[in-house]
Every structure is written in structure tokens, then in C-alpha cells.
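According to TrEMBL:
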type    : residues                     : note
BINDING : Arg75                        : pyridoxal 5'-phosphate binding site
BINDING : Arg97, Ser98, Gln105, Arg313 : substrate binding site
BINDING : Arg271, Arg398, Lys463       : tRNA binding site
MOD_RES : Lys284                       : N6-(pyridoxal phosphate)lysine
REGION  : 465-485                      : region 'Disordered'
Amino acid sequence: MNSENFGLSEKIVSSSYVRQGLQARRGHEQLIRVLLEQGKCPEEAWDESTIELFLNELAVMDSNNFLGNCGVGEREGRVASSLVARRHYRLIHGIGRSGDIAAVQPKAAGSSLLNKIANSVVLDVLKFTGVRSASSCFVVPMATGMSLTLCFLTLRHRRPEARYILWPRIDQKSCFKSMATAGFEPVVIENVLEGDELRTNLQEVERKIEELGAKNILCVHSTTSCFAPRVPDRLEELAVLCAKHDIPHIVNNAYGVQSSKCMHLIQQGARVGRIDAFVQSLDKNFMVPVGGAIIAGFDEVFIKEISQIYPGRASASPSLDVLITLLSLGASGYKKLLSERKELYGHLAQELKALAERHGERLLHTPHNPISLAMSLNCLQAHSDKAVTQLGSMLFTRQVSGARVIPLGVEQTVSGHTFHGFMSHTDAYQCPYLNVASAIGITKDDVTLCMKRLEKCLKSLGKEVPVEKNDSTSPREGLEDQTVP
């Protein structure tokens with residue numbers, strides 16, 4: 001209610017009670033005022049009543065919620081189900097206009113304001129998590145793969161002659177398909193093995209630039225967050241190469257916002273060289289439903305170009321979900337989750353290392369990967385190939401989700417390209433292994449249960465598998481005589 005209505009209320013209810021209510025209302029409004037004024041993630045969490053008040057205030061600004069509205073067009077925000085309307089807080093018009101996903105809609109001032117505030121709050125989060133010089137970003141209602149495709153399609157207008165994308169290999173289908181879907185030819189740069197880690201082959205990247213010609217290369221497509229033993233690309237060195245040869249650089253930062261190391265790499269890459277845009281998932285970093293991503297960068301003009309190439313309006317759901325989540329957590333709550341994730345990474349590593357040693361295996365040494373861990377499965381492989389894949393099945397049926405078992409020699413064709421040793425990021429890694437990750441939202445109970453169930457599975461398989469202590473200095477020992485399928 002406005003002040004006039006509060007004044008009228010005093011004729012009905014005791015004025016002292018009404019004034020208390022007015023003060024309470026002003027407390028909510030003060031939080032909203034600061035958000036609109038600063039456009040930053042509030043330091044402290046909002047309670048649900050403030051969030052709902054804010055969303056309801058936005059909703060009544062949209063034409064579909066006007067009292068007495070007479071809609072005679074083809075897109076009037078009509079919703080048949082009241083359940084669907086409530087699910088979206090009656091913010092039905094979505095975001096953007098037919099020519100620009102970031103544009104303001106005349107029919108939907110509230111939804112447009114929601115979109116602008118969500119983008120501003122998310123940019124603030126990207127800055128305080130490590131990429132301080134990021135200048136612009138927007139939430140796009142597509143997952144990471146299609147969002148990368150949008151970046152590549154935008155670059156097509158800037159580099160019409162280019163047909164190649166240089167891509168340090170990471171075995172994740174959507175990364176590869178994002179390039180093929182955009183109509184470009186991915187040039188796979190095989191990784192180099194350094195100890196247990198798979199790292200960027202900078203010499204091969206530079207050789208390919210010389211071979212193909214810089215003008216024929218659309219961009220370098222690098223990666224931060226990835227499954228061990230693959231580690232984040234050497235972003236600083238790649239950024240320097242891109243600046244040297246005037247080649248755009250797009251970074252797949254899928255779940256890297258939760259890692260200070262990944263965000264630092266992006267910040268440093270932009271400082272010493274060239275990074276045009278970096279893309280991150282909403283669900284993996286902010287614990288919201290799948291379906292959204294953030295495209296961010298250091299040049300507002302280029303980020304605006306990407307938003308303008310998106311055809312038509314778009315769903316406001318990802319923007320709504322991430323804004324509600326960040327208001328619910330506040331900056332302090334989100335930072336706390338990041339700190340807990342980092343702490344549990346160390347705990348998970350210790351527990352996995354101890355379990356591996358009990359079963360004659362070892363924790364692979366991948367210090368440059370801040371999220372994912374890998375444990376060798378040499379003993380299972382020595383018994384049979386089926387034992388390795390069986391472990392994955394056993395874990396899944398025991399409700400251990402997210403653990404990945406990587407056998408040797410898997411072939412997979414993606415968009416016409418055949419990968420050897422698929423899922424291991426190289427043609428022939430030195431051993432089969434198991435992946436687990438310490439991602440945002442993980443709890444100590446998750447780690448405890450995972451280790452307990454993994455122990456049982458290994459013991460069950462171990463009844464038929466001869467366990468021998470591996471020499472940690474010779475990870476290939478015992479594999480030379482095995483046939484790779």
C-alpha cells in the first residue's frame with residue numbers, strides 16, 4: 001500500500017498498529033530501493049516475503065496483469081493454467097523483443113526490469129568471484145553448448161572468411177557440437193601429458209595458426225572447468241597467442257564460477273592477452289534448474305552484438321530463477337557456499353586417496369584441477385575390461401550420481417569426428433580411472449556416503465580381482481601387456 005492507503009487504514013485500525021505496519025513495509029521497500037539503485041547482489045540474504053513482494057510489484061507492471069486490460073494481439077501473455085501463472089509469478093511476457101534479447105518490451109516493463117536487474121546482479125557476482133574487469137554480461141535461456149554456438153555465430157559476422165575453430169580437446173559432446181552446429185570445422189588440438197595431468201599443447205596451437213592462417217580461424221575455443229585428469233587450459237598463454245595473431249578467444253567456463261582458480265585464469269587471460277567472451281552454466285554454478293547460461297565479456301559492444309543475434313523473445317525463467325536464488329542467498333551466503341565447496345574438495349581428496357590406497361590404487365596427481373578428482377582403476381582393468389564398466393553400473397544402481405568410470409579404448413563419433421579414448425581427453429591415457437567432483441552444494445554427508453558405497457563396490461569386485469599395490473612412480477606398470485579394446 002502507498003502512504004495514502006496507510007492513512008485511510010488508520011480510520012479502520014488503531015493508528016499505532018498501522019504505523020508499525022508502515023515501518024515494516026518500508027523495511028522491505030528499502031531493500032528493493034538499494035537493489036534498484038546499486039544493481040548489485042545484496043550482501044545479506046532477503047527473506048521470502050521481500051522477494052515475493054518485489055516480484056509481485058514487477059508483475060503488476062506487465063500489461064497482462066493490468067486491471068481492465070483489453071488485449072487484441074497474438075501475444076498478450078494469456079495463460080490457461082493458474083498453476084502455470086503462479087509458477088512464473090505472473091511474469092508471462094518473457095524478455096527481449098524480436099530483434100534483441102536485451103531490449104525493453106513496451107508491454108512488459110516489469111519483466112524487462114527483472115531482466116536488467118538479473119543481468120546486473122549476475123555481473124556483480126562474476127566480479128566478486130574473480131573476474132573483476134568483466135564489463136558486461138547477460139543471462140540467456142539456453143544451456144552452455146547453445147550459448148557457445150551463439151558466440152560463434154556472432155563472430156561469423158566479424159570474420160566471414162573464417163571456417164576453423166581451434167579447440168584443445170575436452171571430451172564433452174556439447175562442447176564439440178556447439179562448433180559444428182554453428183557451421184564451423186573444429187580443429188582438435190590433442191593434449192600433452194605432464195605427470196598425470198593432461199594440459200594444453202601450446203606448440204600445436206601455434207603450429208596450427210601458422211598452417212591454417214590466422215584469417216581463416218574464427219577463434220580459439222578454450223576450457224576452464226573440466227574432468228580430471230584434464231586440467232584447465234593455459235588461458236594466459238592462449239590469450240597472448242590470440243592477441244599476437246588477432247584471433248578471437250571464447251572460453252567455456254561451464255562450472256568455473258564456483259572456482260576462484262578458474263575465475264582467476266580468465267581475469268589474468270584478459271589482462272595479458274585476449275578473451276572476447278566466457279560462458280558459464282546457471283544450474284552448475286547457482287543451483288537452479290537446467291536451461292540457462294551467462295555470456296560475459298570485457299567489451300560491451302561485442303556482448304551486445306551477441307545478445308542482438310538471438311532471434312526473437314526469450315523465456316524469463318532462467319533470469320527469474322537466478323535472481324530469486326541470489327536474493328535468497330545474498331553475496332555472503334553465496335561466498336559461504338563457495339568456501340564450503342573448496343574445503344570439501346580437500347576433504348574429498350583425502351578420503352579418496354585413503355580409499356584408493358586400501359585397494360591398491362592411487363589418487364591421480366592433478367593439482368591444477370580445482371574441482372574434479374580421479375582415482376586409478378588398474379586392478380579392475382587387470383582383471384577384465386568388464387570389471388571397470390561394471391563399477392560404474394554398480395555405483396549408479398546404489399544411487400551414487402555424478403561419479404564417472406572411464407575405461408580404456410572407448411571410441412565415439414560426434415558430429416562426424418571419431419574420438420579415440422573418448423571421455424579420457426586423449427587417444428590413450430595411461431590407466432582407466434574413476435572421476436568424482438567437489439561442486440557447489442556438496443555436503444560432507446555426500447562425501448561420506450559416496451566413499452562408503454564405493455568401498456563396498458570395490459570390495460565386491462575385489463573378491464574376484466587380484467589386488468596388487470601399484471608403484472605410484474610408474475602409473476603405466478601392469479598395463480603394457482593388456483589389449484585395448
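In case you wondered, yes, glycine gets a Cβ from its N, Cα and C as well.
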I'd like the number of other C-beta atoms within 10 A of the C-beta of Ser98 (substrate binding site), please.
9
Please report the number of other Cβ atoms within 10 Å of the Cβ of Lys284 (N6-(pyridoxal phosphate)lysine).
22
Residue among the binding-site residues Arg75, Arg97, Arg271, Arg313, Arg398 whose Cβ has the most other Cβ atoms within 10 Å:
Arg313
For Gln105 (substrate binding site): intrachain residues, at least 6 apart, with Cβ closer than 8 Å:
His93, Ile95, Gly96, Arg97, Ser111, Ser112, Arg313
Candidates Arg75, Ser98, Lys284 (recorded positions) - the one closest to Arg271 (tRNA binding site) by CA:
Lys284
Taking only the Cα atoms, work out how far Ser98 (substrate binding site) lies from Arg398 (tRNA binding site), in Å, as a whole number.
47
Looking only at Arg97, Ser98, Gln105, Arg313, which the record lists for substrate, tell me the maximum pairwise CA distance in angstrom.
10
For Lys284 (N6-(pyridoxal phosphate)lysine) and Arg75 (pyridoxal 5'-phosphate binding site), what Cα-Cα distance in Å is obtained after rounding to a whole number?
33
Around the recorded substrate site, report the further residues of that chain (criterion: Cβ within 8 Å of the mean position of the Cβ atoms of Arg97, Ser98, Gln105, Arg313; site residues excluded), sequence-ordered.
Gly94, Ile95, Gly96, Gly99, Asp100, Ala103, Gly312
Roughly how many angstrom lie between the C-alpha atoms of Arg75 (pyridoxal 5'-phosphate binding site) and Arg398 (tRNA binding site)?
48
